[in-house]
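*Asks:* Sharing the record's features from TrEMBL:
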| type | residues | note |
| --- | --- | --- |
| ACT_SITE | 65 | active site, proton acceptor |
| BINDING | 24, 72 | divalent metal cation binding site |
| BINDING | 24, 72, 91, 92 | ATP binding site |
| BINDING | 65 | substrate binding site |
| TRANSMEM | 33-64 | transmembrane segment |
| TRANSMEM | 93-114 | transmembrane segment |
Ligand SMILES: Nc1ncnc2c1ncn2[C@@H]1O[C@H](COP(=O)(O)OP(=O)(O)OP(=O)(O)O)[C@@H](O)[C@H]1O
């Protein structure tokens with residue numbers, strides 16, 4: 001079934017997002033972390049560039065989580081839920097992509113958030 005209009009494509013993309021939201025616990029966790037990150041970005045007075053970096057790193061992790069979910073579903077479809085060494089390798093690599101993006105996002109977030117928190121802590125002394 002081909003998308004006839006741009007609106008159809010948009011609806012299908014939203015369906016994919018809603019599916020992940022309703023069915024994928026890791027996806028929900030990434031969205032919660034994203035909401036908390038944005039809250040603290042405004043609370044700590046991040047500038048536009050810093051907020052853009054937070055948006056960028058969060059989007060990379062969330063989008064990779066969606067692609068990971070998609071690859072997991074594709075593998076399950078192909079192997080029909082049977083155990084296969086290649087299915088394991090494909091799923092592990094896909095999960096690994098999410099993992100390294102989450103680690104590097106955490107490091108970047110540390111560079112951005114920790115100095116701002118330290119300034120606030122010092123102002124209480
Ligand atoms: N068909 C299979 N054959 C062999 N190993 C598999 C198979 N399906 C899953 N695995 C192994 O189990 C792990 C978890 O797979 P599963 O499909 O349950 O993902 P998940 O627990 O939903 O992962 P995530 O936490 O990334 O969402 C995979 O990373 C892989 O190592």
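In case you wondered, yes, glycine gets a Cβ from its N, Cα and C as well.
Curation plays no part in TrEMBL annotations; they are all automatic predictions.
Describe the structural context of each listed feature in the structure shown, including burial, neighbouring residues and relevant distances.
*Replies:* Its Cβ placed at the centre, residue 65 (active site, proton acceptor) has 24 other Cβ atoms within 10 Å.
In sequence order, 65, 69 constitute the residues six or more apart from residue 24 (divalent metal cation binding site) in its chain with CB-CB distances below 8 Å.
Taking Cβ-Cβ distances under 8 Å and a sequence gap of 6 or more within the same chain, the neighbours of residue 91 (ATP binding site) are 71, 72, 75.
Following the DSSP three-state reduction, the secondary structure of residue 65 (active site, proton acceptor) is helix.
For the transmembrane segment (93-114), the residues of the chain that approach it from at least six positions outside its boundaries are 26, 30, 37, 40-41, 44, 46, 50, 53-54, 57-58, 60-61, 64-65, 67-68, 71-72, judged by C-beta separation under 8 angstroms.
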*Asks:* Enter the number of other CB atoms within 10 angstroms of the CB of residue 92 (ATP binding site).
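*Replies:* The answer is 10 other Cβ atoms.
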*Asks:* Mind running the recorded positions 65, 72, 91, 92 against ligand 1 and keeping the ones whose CB falls under 6 Å of it?
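*Replies:* Correct list: 72, 91, 92.
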